[in-house]
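Novice: Right, I'll just put the structure down here and ask away after.
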Amino acid sequence: MEDLRDIAVDWAVLNGLVMAQNHANSAADRAVSHAPFSLVPARIPRTCFDSAVKLQPLFNALVHAVSSDAAFVKEVMDSLSTVDDFIAKCYKVYVQAVVQESPSQSITLGIHRSDYLLHKNEAAARIDIQQVELNTIASSFGCLSTKTTELHKFLYERADTAKDYNLPSNNALQGLTKGLARAWELYGSPTAVVVMVVQPGERNSFDQRWLENTLFTQYGVKMLRKSLLELQQQGKLVGSERKLILNGETEVAVAYFRAGYAPTDYPSEKEWDARLLVERSYAVKCPNITYHLVGSKKIQQILAQPKILDKFVPHRGHAELLRSCFTGLYPLDSSAEGKAAYKMALQQPERFVMKPQREGGGNNIYGMDVKVALEKLSPVERNAYILMELICPPPARGVLVRQGQIIQGDVISELGVYGVWISEGDVVHMNETVGHLLRTKVAESHEGGVAAGYSVLDSPNLV
């Protein structure tokens, strides 16, 4: 086992399957190690994997359909913004840039990732998938996930055991790059650049650099890395089209957000000014502020209500397919359903997870902590959360490697599927599933983020 671990760790470092060990603003101060990974690919039912792949274009289209309904967005956000300060600030950007001032750019680019857990359907005696969440901003690890698949293929071809594993191809790196390049092309300025909006001292910069380098080597498109503060300091809107120009000379075709999803990304009003600047600009936003808001947990919960989904997905078969992956989702507001959910969670807190409107891992409340939290929160404060039935996937044995150390035990895996959506008015230029991410964690851990330190990168072995 140790020999295999050493071979895998060295391959990871040689081939860019790495992460920074510390938060550093320059390469000179950065320490690097292999990204955490699983030595043995997780067994995932092929039917579950195929279902997730099939669902992704439907979720891409759903995000766009919901974001196009201004009245629906307003109704949800008018309520949610009164109990969540961060959502209120995002909604303010939306009102200023979308409602009060018509968007100057009609091209929309969405890079989404829908995450699932396996669920044992006792009634049907089979394993299904149930959706954990749909990410519409800063969906990470697509590139390192592609590298993880390459690592596992290398290990098992080297050991002459490749025939024992069925690893599906994973083209997330190529697919995400293709989406950015297509949006850049549609923008129509050959000298313009793509800007990746990043967090200062980003630990996951190597996942991001793979996109940057591939975009240039395959498409000749330059990508710059800028923080929100740098955009505020360097960016200006020029002309009637409101083109985003950096330092008076560099035109931005696409602004791709890998930051801006958490309150900590906005330590001052300058960062909020930058978000509004980008949103008002002619640059293609990934995501635009509407897509960002539509990715909130509250909208996920509302879409699971009877008849709401049908409003946005008129095709009955597609709506049923989407609905098949929903778990129990409930409001915690003052409605009759919200009051019933509150009572249910107090009586059986171990069945549920409370979710705020946050991304990035480490924000959810589980088990008996649900009861404690509900008893502390006022009825108004509860409105900021949704209640989700806890998905309990069957555990399996796993061998994980983190910081060179082998960890063995019961694990569960979370499957994410990436999708790219590009549209311009009524014309859909791209709606594709472009790859996958598998994150595996010890069974006792509730959260699932690799960057947050909970999970390792894995590959699905289809069975």
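Yeah, the Cβs are placed from backbone N, Cα and C, and that goes for glycine too.
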Novice: Out of GLU337, GLU350, GLU359, GLU375, which one does TrEMBL list together with GLU133, ASN135 for Mg(2+)?
Specialist: GLU359
Novice: What is the interatomic distance between the Cα atoms of ARG113 (substrate binding site) and PRO356 (ATP binding site), given in whole Å?
Specialist: 18
Novice: Ranking the binding-site residues ARG113, ARG203, LYS441 by other Cβ atoms within 10 Å, which is at the bottom?
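Specialist: Looking at the binding-site residues ARG113, ARG203, LYS441, the Cβ with the fewest others within 10 Å is that of ARG203.
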Novice: Determine which residues of the same chain, besides GLU133, ASN135, GLU359, have their CB within 8 A of the center of the CB atoms at the recorded Mg(2+) site, and list them by sequence.
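Specialist: Neighbours within 8 Å of the Cβ centroid, excluding GLU133, ASN135, GLU359: ARG113, ASP115, LEU134, THR136, ILE137, SER139, GLY295.
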Novice: Can you grab the distance from ALA259 (substrate binding site) over to LEU390 (ATP binding site)? Cα atoms, rounded to a whole Å.
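Specialist: So the Cα of LEU390 (ATP binding site) lies 28 Å away from that of ALA259 (substrate binding site).
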Novice: So what sits near GLU359 (Mg(2+) binding site) in its own chain, CB-to-CB under 8 Å and at least six residues off in sequence?
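Specialist: Non-local contacts for GLU359 (Mg(2+) binding site): ASN135, ILE137, ALA138, TYR261, ALA262, GLY295.
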Novice: Looking at the binding-site residues ALA138, LEU390, which sits with the largest number of other Cβ atoms within 10 Å of its Cβ?
Specialist: ALA138
